[in-house]
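S.K.: Starting off with a structure, shown below.
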Amino acid sequence: MTTAPTPVPAPAAADPSGGPGAPGAATASPAPRPARRRPRGGAWLATVPLLAFFLVGFGLPAVAIVTGAFTVSGDAETGAGSFTTANLTDSVQGAYWTALLSSVKLSALTALIGTVLGVPIAQAVLTSRFRLLREAVLTASGVLANFGGLPLAFAFVATLGNAGEVTRMFHLTDHGWSLYSFSGLTVTYLYFLVPLMVLTITPALEGLRVQWREAAQNNRATALQYWRHVALPILFPSLLGGFVLLFGSAFAAYATAAAMVGATVPLISRQIADALSGNVLVGQGNLALALSLDMIIVAVLVMAVYLPLQRRSARWLS
Amino acid sequence: MAQLISRLRVWRGAVLLLAGLYFLVPLAASVWFSIDDPSGISFDAYTGLLSAPGFTDSLVLTLELAAVTVVVLLLLLVPAMIAVRLGAPKLRPVLEVVCTLPLVVPPVALTAGLIGVLRWGPDYLMDTPFFQTFVFVQQPEFPLVLVVAYVLMALPLAYRALDSGLRAVDVRTLVEAARNCGASWPRAVLSVIVPNLRGALLNAAFLTLALVLGEFTTASILGYQPFAVWIYSVGNSQGQMSVAVSVLSLLITWVLLLLLAAAGRERRHKTAATS
């Protein structure tokens, strides 16, 4: 390795992602250097464990989902299945289709509300004078967004469930309130989606330069005009990216809905879990895989919007 | 100008107040729910925790799973990410895709796929040594299959945390400097790069820890009983206790994260002072 005659990389190609100081550092380095310092040949070896793990841990299940979704299980003796699209057509019919639609509806609605509510909260926290408040809100957001799930469901049952404290205090049941409904789930989901939005949008809000605001003010723009014509257009890709992330998070959520026993809202994730745990007919394993495939397709479609946009917003806000 | 500032303060205060109410009321109500008793106030739900059947077992299992997941994840991810920056930039998009794809597959779907593999395996590999592997990853005392699932789920989070940490460090220059001083490759990475990534590593480890502590879907469908599944099963019989554990776990996680943020801040100040 020490004698490998590596060509010296052109300074321009050296560091496309570096910070403000990087280009200077790259051009300042002397052109002819001893060639022994770079592990040109061997560096990729360090990525092998990760890629191998991924191929086995992620690749095999993915293959299992796709093949399982398209086969009908044969007799138990041979285990041989035959190709069919019946699982998939079943998975987009009747109760399963209703569950898929209601999952998409719930995710889209909660993601939208979460996006709209998250931005002012993040902005208020960011511009606050209290450093401690900022720290507390951002860390609490991290906990709620990533850890939420089950504890959250129980907290909401205790608060707004049939015997919940707030429900009893304000006699909400008399006003037609039920936690185990579409609106109840919406309120619960927002409890982890709004923090997720705060986390996601904070770097973008921090990237808004003070000079832009000052320039707008010097041109006699009102605060409203500044947001309408300057800040929001710049933030737009980040906002849409945040929306997509929230959608995915709500769409994949299972624990929250599962723990709120007696949920009357059909959700695709619960249907898959039911089919897998054998709460329904035996031999529905392949149907569960077909439902999983449906879910992945929806998620892929939504993600396909997210990735290019994330790159675009990085152009402005870096 | 003064008028503008005061108007901003009022606006900000209103937003923060409303948000604070929305986020604190459920927590406060939960605490009240867990100590509210027909005969007054009782802390039985909290004091009875330690002696509750399954509490210690499930907590220990979860902590073990979390520790193994964090170690495996960092051992897989950190060398790969550093290598991509040092000598294999062509693999960078591959790594990015690998670390983003798990986002597209919801935990329920991943679990369905895992079950598919676990069922398929024994059918075809009955007579091969691989069969032992399938038994091994599913042993109830320490289900390695859960570690696999958790590593995959945590991959996007950890990747982003580490990536932002690596962005702040000029890996290449640091390693070259260390190599010029005669350090070997492992030493250059371990004693120059890794200390610079302390904050990012802690962050990634913590996010993973939080994820494993709270994970319910995969474990419950596969039939294991780590902490979250235990809370769920308790919720069916003892509502107060499940709420008590929920509140406790949320608060403890939050305090841990605050401590972590404080540690990270200290570190930043130090580096800012020396550079």
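Any Cβ shown, glycine's included, is placed from N, Cα and C.
These came from TrEMBL, pasted as-is:
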{"type": "TRANSMEM", "residues": "B:12-35", "note": "transmembrane segment"}
{"type": "TRANSMEM", "residues": "B:59-82", "note": "transmembrane segment"}
{"type": "DOMAIN", "residues": "B:59-260", "note": "domain 'ABC transmembrane type-1'"}
{"type": "TRANSMEM", "residues": "B:94-122", "note": "transmembrane segment"}
{"type": "TRANSMEM", "residues": "B:142-162", "note": "transmembrane segment"}
{"type": "TRANSMEM", "residues": "B:200-223", "note": "transmembrane segment"}
{"type": "TRANSMEM", "residues": "B:243-263", "note": "transmembrane segment"}
S.K.: Please identify the stretch among B:12-35, B:94-122, B:142-162, B:200-223, B:243-263 with the greatest number of Cβ pairs below 8 Å relative to the transmembrane segment (B:59-82).
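M.R.: If we count Cβ pairs closer than 8 Å to the transmembrane segment (B:59-82), B:142-162 scores highest.
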S.K.: Where, among B:12-35, B:94-122, B:200-223, B:243-263, do we find the most CB pairs under 8 A to the transmembrane segment (B:142-162)?
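M.R.: Looking at each of B:12-35, B:94-122, B:200-223, B:243-263 in turn, the most contacts to the transmembrane segment (B:142-162) are made by B:200-223.
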S.K.: Using Cβ atoms and a strict cutoff of less than 8 Å, what residues sit near the transmembrane segment (B:94-122) while being 6 or more residues removed from its termini?
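M.R.: The answer is 77, 80-81, 84, 130-131, 134, 138, 145, 148-149, 152-153, 155-156, 159, 215, 217-218, 221-222.
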